[in-house]
């Protein structure tokens, strides 16, 4: 009943600005061609790589875009976000989505992807945008001769210099990740939509790591994310989500094999920098015994908690939500895992139960566990639950992340799920983890802050 975040390669290695590559559409509505394209290989591992592409508009505003390039060494795009990709052999075309097609003068649009390679992974030699070959400059034309004026030529009004974009600083002790889908959507938006999406983009949220990439790539993601948080003097939040038999084959089904899990966790743990909060395996205990293929799930959780804690993590074992299991069940299962290498448990991950209900439920569990601490995911619980768990409509953003020290056992309110990322292909939503702007705006609009 939980969903993963879209996997994305985030390391700032091998970044390549492709010769100031520029182009823009030549249609009458989108004239004055000129832009910059930055193609950055952000991470690379045997057989795979991640990349980010940023388009900066140096000409007139455009309402949609299509970027074309050709791979010459057999590279292939496997998963792309913030755009739609089509390929024909080595030829690649990426088109804008309904919500990020508009680029004002001086504005940017970006997308990212994971790809495959073999032998070599050279940067594409050229790009074209909306049919115009990238040249690196705004094309010039011969000016039409100006007749001699009979009146003094007025002094033209100076064009103001665009104000550089500044990454806002987070307002709490938790880290705001500027690489999330919500953050990129906010950057691309304008008007009322931008004001609403700011509520999501500038609120600290967890980074999900799972087996949608191999273990070494997942380790690199963790190292990059936690490293950026530590450099900013903030606390990172991670979700580890790769347990065998994950989600019992539902919308977020998957996980690594039983024989691979310990090695996968150890590899990922090697990437930890600082002391991140880690939510360990959403739904794993709540679904214990519900399907085959789980192996020694309690043993896996014990091992993962130890491996992560020894590398500096503060581990909270996920225990479901307030309307799922009676108090006795999570108490029994959490006791089986134990707390030698965990500071507490987590509730309401990716769910919609109110903070009040979740806190009352957590306190009952905590009392039975000798006062163990707990955290609550409040990312989407502002209107509580309507009984649905997969993309219910009419929900709202919940309380913003904050550390708690009120003597109740509650350690923190966190945004574990990333609002705007789909729960799965249900109720009109895209696949799990994909950005869904419509529901992001709805939850932001319904928020009580």
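Here the Cβ of each residue, glycine as well, is placed from N, Cα and C on the backbone.
Here's what Swiss-Prot has on this protein:
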- 1-31: signal peptide (SIGNAL)
- 32-137: domain 'CBM2' (DOMAIN)
- 35-134: disulfide bond (DISULFID)
- 127-170: region 'Disordered' (REGION)
- 132-141: compositional bias 'Low complexity' (COMPBIAS)
- 139-168: region 'Linker ('hinge') (Pro-Thr box)' (REGION)
- 142-167: compositional bias 'Pro residues' (COMPBIAS)
- 247: active site (ACT_SITE)
- 248-291: disulfide bond (DISULFID)
- 283: active site, proton donor (ACT_SITE)
- 390-426: disulfide bond (DISULFID)
- 423: active site, nucleophile (ACT_SITE)
- 438-449: region 'Catalytic' (REGION)
Message: Would you identify which of the disulfide-bonded residues 35, 134, 248, 390, 426 has the most other C-beta atoms lying within 10 angstroms of its C-beta?
response: 35
Query: According to DSSP, which of helix, strand or coil covers residue 390 (disulfide bond)?
result: coil
Statement: Secondary structure split (DSSP) over the region 'Catalytic' (438-449) reads 9 helix, 0 strand, 3 coil
Message: Which one is it, among the recorded positions 247, 283, 291, 390, 423, that lies nearest to residue 35 (disulfide bond) by Cα separation?
response: 423
Task: Using all protein chains shown, find which of the active-site residues 247, 283, 423 scores highest when you count other CB atoms within 10 A of its CB.
output: 423
Statement: Residue counts for the domain 'CBM2' (32-137) under DSSP, helix then strand then coil, are 0 helix, 60 strand, 46 coil
- prompt: Taking the Cβ of residue 291 (disulfide bond) as reference, which residues of that chain separated by at least 6 in sequence fall under 8 Å from it?
  reply: 245, 248, 249
- request: Note the mean pLDDT of the region 'Linker ('hinge') (Pro-Thr box)' (139-168), expressed as a whole number.
  value: 40
- request: Pull out the recorded positions from the set 134, 283, 390 whose C-alpha sits within 10 Å of the C-alpha of residue 423 (active site, nucleophile).
  value: 390
Query: Hey, how far is residue 390 (disulfide bond) from residue 134 (disulfide bond), Cα to Cα, in Å?
result: 43
- prompt: Hey, how far is residue 247 (active site) from residue 283 (active site, proton donor), Cα to Cα, in Å?
  reply: 7
Field: Cα distance (Å, whole number) from residue 426 (disulfide bond) to residue 134 (disulfide bond)
entry: 40
